[in-house]
Amino acid sequence: MRPRATTICSLFFLLRVLAEPAKNSDFYLPGDYLLGGLFTLHANMKGIVHLDYLQVPMCKEYETKVIGYNLMQAMRFAVEEINNDSSLLPDVLLGYEMVDVCYVSNNVQPVLYFLAQEDDLLPIQENYSNYVSRVVAVIGPDNSDAVMTVANFLSLFLLPQITYSAISDELRDKVRFPALLRTAPSADHHIEAMVQLMLHFRWNWIIVLVSGDTYGRDNGQLLGDRLARGDICIAFQETLPTVQPNQNMTSEERQRLVTIVDKLQQSTARVVVVFSPDLTLYNFFNEVLRQNFTGAVWIASESWAIDPVLHNLTELRHMGTFLGITIQSVPIPGFSEFRVRDPQAGPPPLSRTSQRSTCNQECDSCLNGTLSFNNVLRLSGERVVYSVYSAVYAVAHALHSLLGCDHGTCTKTEVYPWQLLKEIWKVNFTLLDHQISFDPQGDMALHLEIVQWQWDLSQNPFQSVASYYPLQRQLKTIQDISWHTINNTIPVSMCSKRCQSGQKKKPVGIHICCFECIDCLPGTFLNQTEDEYECQACPSNEWSHQSEASCFKRRLAFLEWHEAPTIVVALLAALGFLSTLAILVIFWRHFQTPMVRSAGGPMCFLMLTLLLVAYMVVPVYVGPPKVSTCFCRQALFPLCFTICISCIAVRSFQIVCVFKMASRFPRAYSYWVRYQGPYVSMAFITVLKMVTVVIGMLATGLNPTTRIDPDDPKIMIVSCNPNYRNSLFFNTGLDLLLSVVGFSFAYMGKELPTNYNEAKFITLSMTFYFTSSVSLCTFMSAYNGVLVTIMDLLVTVLNLLAISLGYFGPKCYMILFYPERNTPAYFNSMIQGYTMRRD
């Protein structure tokens, strides 16, 4: 505490020297408890230089700030309204003492004046718990730099300070500024409102201009940090020359403005965000007008969003669309008339009880300036004005509670700053239908509004077009905006146009907003929630066309009954089944005839039965595969077909043995006959086939699988075997071997008696089977599409028909149409003729 006290001591002498009588009742109202007010009524725009820093600047020499006077009038109006309210602070007269701080030039002296006692003494103490200052609370000032300067002094005394427009996030630090509160939303809410506005209109390529002071740097940094998390890029950021209150603009600063506007002209960005006090912008916008930079969207920070003097530059209407972030408009009944009331025309001012006052308490041109801008101020609504108004009421309610005024009377006791501060933190009341309270950071959650500048005299110059709600952090109720564009179209400010659905971004340069759009390849899609820069592959059961944002289910392909190929194959299978059934009946009725006996006798019925079963298996190839149908395809049908071929091979071998090998190898033939050689051979072949089938099923399983059609990726082929090609080679190997054996023995018996010569029939059947199987294997080695199943089924049915009609058909023909050749005598004569020819 001692260093701060020493500082106060060193400035005490300055305080005594600068005291002078008050001249204007606008700045002072006596009362039981005084409020201090710090407002910017003047600001340096003329470049006046002060060489003597020991003298406080004379603010009246600067340009009048109409907004500042408007805010000061709001404090006067609130105090007078409270004094006339019998329910709030009854029997207590609230007074005020207000000072013009000239923006940042005159902050320290008024603070010392407020902290001093009535005798202008500010004692050096170690404990200020029981210290009573001239004012009980301070309202203001308006900018963050000035607020921090004032707060550093007031915090030592825990004297309540409520600022109405400073938004810097640094002010939320209650360790540094324990006595500071504010009735304006913090900077992060202003930034969030801007960002949501830009996102709403899809502006992702912006320019940021900041002033060189703390306000510009801090808010520019906040915006940059916020945009680092989103999809908005800053094309470039420039610092505007800041005209200090004690200097003219230099030639370098003027050249700097020219350079900045040149960059604006050359940039493709058409949204310009400006964080700067209004003082810095007059020269800047004059340069913008000089270079005729048009077509931009200007987004104003709260420091100049509703500045009537800047708005008075009517040529700005041709420069583009002006949008600003400001506090919501809350009309205050009676204030519009009060603002322009001449204090000399009203009741005579009360005489001061103290002969001492501070400097910069005069503003000869304020009322005239307010009158000239009164229409703009009236139409724009009471925005920041309400922040001052609510700040005064917050102090009044806290004082009401501290003085125990709830029962109609107040106890007028000394008020220590820390006591009042404690009560201000607790206030919670409704003022003009708005809840007034402070959060733990000392902020009041007032809504923000997006306003558009209008220059139509019949309209509000600052027309509200949207609202931002800090508690929800959401921008709502966006209304139509009058864009200064052809056909009133929304301006476009994008480094790159948005990619269409199904296009990935390819970065160009260092900005994430600058990119090329590349179509996603077929079979891939773009999931923007995961990665906008890489297309993701579709799941195995899905597919996509080029430039798709999602995948669709692949069509499952399998044989269906309504398809023409299936119908053709089904008709062939039905023909084969009926033909085989007819052959079976014919053979049954002529079982004892030599023709049936020579064809194999009982073995023929085994073959015909297996052929019927094989024909019955054909329907399981149609429809979606199941475990049961896959079993029939992979086990039942191959087994039946192999046994049929083995019967033909064994039968051809047996005929050759009878006529050619029995005489040469009688003992071997006797063993063949004695031990049922044909059936043993067939049993062996059957067991061997069963082993191969079981091995195949164990290797591949019976569960249906899917594979992508190589000709059409949109189709997923459903099959019983993922390695169908290899399985086909494995399963047909034995059958091909048997067909070759049968063909060989049939060829060896081509000279046998006509009734026993089956060479041409077996050759026809086996050659057809061999050729079709080899053709199918060749086809599958080159093609793996949806036609594989139908080709496999077609070859299967044709092979069955080759056996049914090619092997058994001629025998039935002989039985039915040449019965005279189906007699034992005829067969014996044919055998005798063969024997005689051999001899």
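Just so it is clear, glycine is given a Cβ too, placed from its N, Cα and C backbone atoms.
As recorded in Swiss-Prot:
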- ASN84: N-linked glycosylation site (CARBOHYD)
- ASN127: N-linked glycosylation site (CARBOHYD)
- ASN248: N-linked glycosylation site (CARBOHYD)
- ASN292: N-linked glycosylation site (CARBOHYD)
- ASN312: N-linked glycosylation site (CARBOHYD)
- ASN368: N-linked glycosylation site (CARBOHYD)
- ASN428: N-linked glycosylation site (CARBOHYD)
- ASN487: N-linked glycosylation site (CARBOHYD)
- ASN527: N-linked glycosylation site (CARBOHYD)
- 1-19: signal peptide (SIGNAL)
- 20-566: topological domain 'Extracellular' (TOPO_DOM)
- 588-602: topological domain 'Cytoplasmic' (TOPO_DOM)
- 624-635: topological domain 'Extracellular' (TOPO_DOM)
- 657-681: topological domain 'Cytoplasmic' (TOPO_DOM)
- 703-727: topological domain 'Extracellular' (TOPO_DOM)
- 749-760: topological domain 'Cytoplasmic' (TOPO_DOM)
- 806-839: topological domain 'Cytoplasmic' (TOPO_DOM)
- 567-587: transmembrane segment (TRANSMEM)
- 603-623: transmembrane segment (TRANSMEM)
- 636-656: transmembrane segment (TRANSMEM)
- 682-702: transmembrane segment (TRANSMEM)
- 728-748: transmembrane segment (TRANSMEM)
- 761-781: transmembrane segment (TRANSMEM)
- 785-805: transmembrane segment (TRANSMEM)
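The structure, with features from Swiss-Prot marked on it.
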| residue | record | Cβ within 10 Å |
| --- | --- | --- |
| ASN84 | N-linked glycosylation site | 8 |
| ASN127 | N-linked glycosylation site | 7 |
| ASN292 | N-linked glycosylation site | 11 |
| ASN312 | N-linked glycosylation site | 14 |
| ASN428 | N-linked glycosylation site | 10 |
| ASN487 | N-linked glycosylation site | 5 |
| ASN527 | N-linked glycosylation site | 13 |
- [ ] Check the transmembrane segment (761-781) against each of 567-587, 603-623, 636-656 and return whichever range has the most CB pairs under 8 Å.
- [x] 636-656
Task: Assigned conformation of ASN312 (N-linked glycosylation site) - DSSP reduced to three states - done: coil
TODO: Would you kindly give the Cα-Cα distance separating ASN84 (N-linked glycosylation site) and ASN312 (N-linked glycosylation site), rounded to the nearest Å?
DONE: 37
Open item on the list: Which one is it, among the glycosylation sites ASN84, ASN127, ASN292, ASN428, ASN487, that lies nearest to ASN527 (N-linked glycosylation site) by Cα separation?
Closed with: ASN487
Task: Nearest-integer angstrom distance between the alpha carbons (Cα) of ASN487 (N-linked glycosylation site) and ASN292 (N-linked glycosylation site) - done: 21
Open item on the list: In the three-state scheme derived from DSSP, which category covers ASN487 (N-linked glycosylation site)?
Closed with: helix
Open item on the list: When you rank ASN84, ASN127, ASN428 by Cα distance to ASN292 (N-linked glycosylation site), which of the glycosylation sites ends up on top as the closest?
Closed with: ASN428
TODO: Please work out the helix, strand and coil residue numbers for the topological domain 'Extracellular' (624-635) from the DSSP assignment.
DONE: 9 helix, 0 strand, 3 coil
Open item on the list: For the C-alpha pair, I'd like the distance in angstrom between ASN127 (N-linked glycosylation site) and ASN428 (N-linked glycosylation site), rounded off.
Closed with: 30
- [ ] Give the residue counts of the topological domain 'Cytoplasmic' (588-602) per reduced DSSP state, in the order helix, strand, coil.
- [x] 9 helix, 0 strand, 6 coil
- [ ] With a Cβ cut-off under 8 Å, give me the same-chain residues at least six positions beyond the ends of the topological domain 'Extracellular' (624-635) that come close to it.
- [x] 556, 558, 617, 693, 696-697, 700, 702-704, 718-721, 727, 731
Open item on the list: Can you give me the average pLDDT across the topological domain 'Cytoplasmic' (806-839), rounded to a whole number?
Closed with: 74
Open item on the list: Can you tell me the CA-to-CA distance separating ASN428 (N-linked glycosylation site) and ASN84 (N-linked glycosylation site), as a whole number of Å?
Closed with: 21
